[in-house]
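Participant: Sharing the features that Swiss-Prot gives for it:
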ACT_SITE  Asp145  active site, proton acceptor
BINDING   Leu28, Gly29, Lys30, Gly31, Lys32, Phe33, Gly34, Arg35, Val36, Lys51  ATP binding site
DOMAIN    22-273  domain 'Protein kinase'
MOD_RES   Ser167  phosphoserine
MOD_RES   Thr176  phosphothreonine
Amino acid sequence: MSKKSTESDAGNTEKQWSLADFEIGRPLGKGKFGRVYLAREAKSKYIVALKVIFKEQIEKYKIHHQLRREMEIQTSLRHPNILRLFGWFHDNERIFLILEYAHGGELYGVLKQNGHLTEQQAATYIASLSQALAYCHGKCVIHRDIKPENLLLDHEGRLKIADFGWSVQSSNKRKTMCGTLDYLAPEMVENRDHDYAVDNWTLGILCYEFLYGNPPFEAESQKDTFKRILKIDLSFPLTPNVSEEAKNLISQLLVKDPSKRLSIEKIMQHPWIVKNADPKGVCASIDI
């Protein structure tokens, strides 16, 4: 990476950022490669999240390519349900990503606190994700790692896709294992070529998890999880009570043949989504 950092935004003006431009606040989270802090741009007082990644960790885990790809992809995307990456800078030891601040934090925390979501909340988030993925797929971006930990909520309860570390910008089929075990599509488990349909599969997994509190193919071991995924060992518990329309959507997404999964467009037109999703994508009543 060059010593200079660029923010190509309105008017294509380039801003050279440094740590002196920010007032650093409380820590927001900690990851494998660094930490995230609440921060405020000193001049404008604009609140952001500052993701700090240690270069030593980048070297240790050999994630140069993955990080560069994440930065390039996320900087280029502009969608209300995708977290903005405003720019980046670095010093001798660290790389700093300047990110949109999502006041509500991780959807994962909300899900664990509440056990599961209501059908209205779940449908709203699946609709928001579908719109964001339709946009990504239109830009030849496959996310490949959508999970509650990678989904943030803003102050209104609007969903934001946050982590593009496993994303890939490609119009061709790919053949690498990535993403999180419980969310992997069968073609990825078998290390077969995969395309945009892996994201459609993940929408089915998430819809199930939103409504029941756990992913559908969860098992004691990785081997057993993979077996359940490949068998499409799908069952719907009696509690909590979930509508047949919701189960219908999930069943049309968790299909082994990628070409037979419900398309993003059809997801957004599904009766359960139309009936339950908030058109503005807001879940103001959710406890964040």
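Heads up, the Cβ atoms here are built off N, Cα and C, so glycines get one too.
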Participant: List every residue in the same chain as Gly34 (ATP binding site), at least 6 positions away in sequence, whose Cβ is under 8 Å from its Cβ.
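Facilitator: Same-chain residues close to Gly34 (ATP binding site) (Cβ under 8 Å, separated by 6 or more) are Lys51, Val52, Ile53, Phe54, Gln57, Arg94.
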Participant: Enter the number of other CB atoms within 10 angstroms of the CB of Leu28 (ATP binding site).
Facilitator: 19
Participant: What whole-number distance in angstrom separates the two most remote CA atoms of the ATP-binding residues Leu28, Gly29, Lys30, Gly31, Lys32, Phe33, Gly34, Arg35, Val36, Lys51?
Facilitator: 14
Participant: In sequence order, which same-chain residues at least six apart have a C-beta under 8 angstroms from Lys30 (ATP binding site)?
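Facilitator: Those within reach of Lys30 (ATP binding site), by Cβ under 8 Å and sequence separation of 6 or more, are Val36.
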Participant: Within 8 Å of the centroid of the Cβ atoms of Leu28, Gly29, Lys30, Gly31, Lys32, Phe33, Gly34, Arg35, Val36, Lys51, which other residues of that chain place their own Cβ, given that this set defines the recorded ATP site?
Facilitator: Val52, Ile53
Participant: For Val36 (ATP binding site), what is the secondary structure state per DSSP, taken as helix, strand or coil?
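Facilitator: In the DSSP reduction, Val36 (ATP binding site) maps to strand.
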Participant: Taking the domain 'Protein kinase' (22-273) alone, what is its mean pLDDT?
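Facilitator: Over the domain 'Protein kinase' (22-273), the predicted model scores a mean pLDDT of 91.
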Participant: Which of Lys32, Val36, Asp145 has the fewest nearby Cβ atoms, counting only those within 10 Å, among these recorded positions?
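Facilitator: Minimum Cβ neighbour count within 10 Å, taken over the recorded positions Lys32, Val36, Asp145, occurs at Lys32.
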